[in-house]
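Undergrad: Sharing the feature lines straight out of TrEMBL:
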| type | residues | note |
| --- | --- | --- |
| ACT_SITE | 314 | active site, nucleophile |
| BINDING | 177, 178, 179, 180, 181, 182, 183, 208, 235, 261 | S-adenosyl-L-methionine binding site |
| COMPBIAS | 1-12 | compositional bias 'Basic residues' |
| COMPBIAS | 468-477 | compositional bias 'Basic and acidic residues' |
| DOMAIN | 59-423 | domain 'SAM-dependent MTase RsmB/NOP-type' |
| REGION | 1-27 | region 'Disordered' |
| REGION | 447-495 | region 'Disordered' |
């Protein structure tokens, strides 16, 4: 045993030695020594002619410069407005007057194209920040606000796709490749544009193929405390078709909006991901093209007619960009159209999409047409990677409506984005009536022979558990055994239904409460819940034993969850509204309010509410357990009327006093015997900053 321990310690020592070398050479001092040069990259992009005449050197210079820091104010409208007010009044104004070592500091500037000044960029380096106590204070504010979820450090170009989706509160949204989740957060914020509505009709289903990265999504989503977000874990290229109950019958869930921000080679991120300089090669995009196209195809299959899908990459390579869009449009045979988004973001500088490009292997061999590609290369290089040759066909695709963002035009990263609108069901879904597919099963391997020429085989074969496009939309019953994936064994009937294969952590179940669940008895009377409170939307994460936490989802997400539990792997959903508190039972209710869900729950609570002033809030946030007498007369009188237990502390802004916070704020608290306490919540940092 001791020998084994000694051996493993030695192995660990060897590993650490290697890590130290890496830290000092590759990551520490040596990180700056990475030469920001890649001849193949320069040759490739010069040859493609994607950068306007005479700007190539400027483009390369911008690529070598560090990316400016950009921040986005997160959260819902009135809160975001308050943070912006605080930033401008308390920090930005002082910075404008600041000089360091004789140099005037450039104050943060709003991104001209982002609505309502909710996104800013700054060129301040860490070195300069360290030299000024004022800047250090601003820096600390940014750190604390980021930790509490009020500010998000997000690359400027990454903010573009959600804006182009034009989201409204009733939209059903799918984010196909969502991790780490900054775009997902934008989508959720847009759903909740009206803070007076606790349950918007729409929802966001955020998906990622990587189980661990799904938990980053959960972390991002939890900052926004929305009952309308669900995080799922699937391969986006074969994400299952979901079903919902619609007027008493089963129906397919089609999404109004889809964000398809696909995995890419990332050569637009060289300014922040310095590794890309060393690793860049053309084979990266050749390997990814097929997957990108499959994900995009799967997206448009699940898009509602009249819906909008945004396809985006942080790559400048046409093989990952226009080639995917052109192939998708050709396959759609008029069912899809590229939308003209040129007027949607005034102030944003972008280049139109290109209509011709060439392909290069990592050895430097160029091909401009599929006919030139030798047979030995046919597995790596696909026909869909080349631009269409027929000028009329090219003109009808309107590829110039794609948007290319180049780094030197607005001091950003490189980016590509295209907005697609669905005009009709996809052709492979229209042609084959339900009866053909349900009465006679076709092995996946043979299904392509039934499809129109050039449909699925050009999308390349699906991986295990994948679907051909024939099965994907409403022509196949969603409850079908195909849903779990797998190849068919015979033509004469479906195979036995397979269980969904789970990877990563096994999640606790999502169990909805019934209206007559005994847990509601004391909750109902203690908080005087209004009759309109949707008890059926309350869920817990355990089948047996005491319920520790109660969560809520919107009615529409409940519909999705209840009809697809065998079909999808849900990582997280719902917002916590109550937590069990053993002390509470003796005061009338064993469940205390949870800060995360207070904005969802409060409209239904008719008792246990204390209206507080700014002065009361100062006391509650700066003193640990202040006596009731420390509150102003109004709040003190209200508190005396209440028995011990969980309470809501509600601040309503006074529009006649603009020096006070102008957003409604609700904090969970506890009324003790002689004292009162506010529980920590993200929103407190706004108040601390303002008051």
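Cβ from N, Cα, C; glycine included.
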Undergrad: Measuring Cα to Cα, how far is the residue listed as 'active site, nucleophile' from residue 177 (S-adenosyl-L-methionine binding site) in Å?
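TA: Counting only the Cα atoms, the answer is 13 Å.
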Undergrad: Taking the Cβ of residue 183 (S-adenosyl-L-methionine binding site) as the centre, how many other Cβ atoms fall within a 10 Å radius?
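TA: By my count, 25.
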Undergrad: Count the Cβ atoms, other than its own, that fall within 10 Å of the Cβ of residue 314 (active site, nucleophile), considering every protein chain shown.
TA: 25
